[in-house]
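> Sharing a structure below in structure tokens format, with a few things to ask.
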Amino acid sequence: MALEGDRVASSLSLLLLLLLAGAGATGYPEPLRPNISGGGVPSMVLPLFLSSPNSTRRAAEAGYFRRRQLSTANARMRLYDDLLTNGYYTTRLYIGTPPQEFALIVDSGSTVTYVPCSSCEQCGNHQDPRFQPELSSTYEPVKCNIDCTCDKTKTQCIYERQYAEMSSSSGVLGKDLISFGKESALTPQHAVFGCENSETGDLFSQHADGIMGLGRGQLSIMDQLVEKGVINDSFSLCYGGMDVGGGAMVLGGISAPPEMVFSPSDPGRSPYYNIELREIHVAGKRLQLDPRIFDRKHGTILDSGTTYAYLPEEAFVAFRDAIMSKLRSLKQIRGPDPNYKDICFAGAGSDVSQLSKTFPEVAVVFGNRQKLSLSPENYLFRHSKVQGAYCLGIFQNGKDPTTLLGGIIVRNTLVTYDRQNQKIGFWKTNCSELWERLHVSGAPSPAPSSSYNTNSTMEISPALAPSGLQGPFQVGLITFDMSLNVTYEDLEPHVSELAELIAHELELSSHQIQLMNITRKRNGTLIRWAIFPAGSADFISNTTAMGIISRLTEHRLRLPENFGSYQLVEWNVEPPSRRTWWQRHLLAIIVGFSVAVLLSFSALLIWYFWRHKLEGPRTYRPVDAAIPEQELQPL
């Protein structure tokens, strides 16, 4: 997601691009991002971009940042969502006074942070209400100056971002107080951000409100905080594992664990966060590839906003063949989306912790000869339609020779972008227990504890629940209470319609959701719903359960106006019921017994008619008719 492209080398090319870009282009470079439509292989394009008017100052600024005595404070923040359900990870950012909350995609390939503005005429329906500048006492528009592109009236700075999948974002630049949550040691800071007036494509339809840009650039939230001297020039991301999601993020420096391995990252090599990838090993054997294959064009880019990983053609073919040669015991099947040619395998089982017994270990070697081992969850994603099946999450990057490593590569890995020392560190860990493993006292857990009792949305932060569904726990039933501001009399005739709408919004079959109870309230109605496993399944997969709970707790259900507004009162997750052999097979026994009775009755009827047919029709004789005399037999 959101990767910047090549610099324009010559002034002639720059002039041509400026003419093509027109007056709407911004003075800041911004990347184009790949199309990440769920379920298949997204297309990846890394096009050219316009150089910033201030790009000549960046080397000097970088040196300036390194020389400054920076604070040791940092912002510890939670991450939400997951790769398979959403295609991205989000964090919560609070803008204005009083704070207005937003769910923003964490994107190390973007250089601007933006949210929908209340004045936006072409913005989609997202998780949270749009930003209302008029309600913030600390909001200030960024006035027109020589370092930005101005609006038509020459009064305010504007921005415009276009992306590879034909989506775009544009709006005005504002400055306000940005808070990083109650768990952050970093106090609220004034920063510049984008207030959207228009968005198209995936930006319009996504659930997340906007993007939090962590790339290199003047509008990047990282660059702004570092320039203020409030954090060290470093940030870290830790993505939760398969079926878990969530994670943690730190803006500022942390103490690197002794086991962390590093790769050099040269900011002059490309405008993105790059690493020096030299080798890939599968099952302990090095792929026979020229190391220079990973250094073409943009080199090897690490981008938190991209879902999967993309290799140059030659490297992808070698990797694919090496993996498939180790999986001859598994059955190759079609992917979940027929529009894409995913490489998938069935028969590996549903327990993620056991995948290493079936799938080979993969390792990458950096230019300094340090090695990072990858587990199967770092190159596989779960098949959404076949239980116990998995697909390769590493694809060919079209004809582009760039190597792009997305979020899947670093699941359950603490990644530290040490910009000050120009290196990126990797430490394999359980991101749900990050602070405990780092021995950080007083820090919040990146994911809530594994509690499955009834939870109230008034007591927990939205979207915390999905991160708690981890480990061997299986979800057998999800119940939730929904309060609607519609009277019982008006709602009762439309309960079936409401169930269909909820099932559609949660991407479930209509038979999976059932009404448990409906109660009158003073100014509305309280309804309890239950969600059951699909078909004959005994449990709901953790990924599906996380997606359901995330949509519920973040109020993503879009209901027609006649149902009014709703509030989630509480939800509960229960394990599959432990049934006896008779309970599990009761239906089969009843069916079998019924079939046996039916067959027996049918056989009896056939025998009866067959017997009477053999005896033939009997002759009627009057009562007084003469009967032939029969001779008695001697005794």
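Glycine is treated like the rest: Cβ placed from N, Cα and C.
Predicted, not measured: the structure shown is a model, and the values here were computed from it.
According to TrEMBL, the record shows the following:
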SIGNAL    1-27  signal peptide
DOMAIN    89-427  domain 'Peptidase A1'
ACT_SITE  Asp107  active site
ACT_SITE  Asp303  active site
TRANSMEM  586-610  transmembrane segment
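Please go over these features one by one and say how buried each is and what sits next to it.
Mean pLDDT for the domain 'Peptidase A1' (89-427) in this predicted model: 94.
Over all protein chains present, the Cβ of Asp107 (active site) has 27 other Cβ atoms lying within 10 Å.
Within 10 Å of the C-beta of Asp303 (active site) there are 28 other C-beta atoms, taking all protein chains into account.
If one looks beyond the transmembrane segment (586-610) by at least 6 residues along the same chain, no residue has a Cβ coming under 8 Å of a Cβ in the stretch.
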> Could you round the CA separation between Asp107 (active site) and Asp303 (active site) to a whole angstrom and send it over?
7
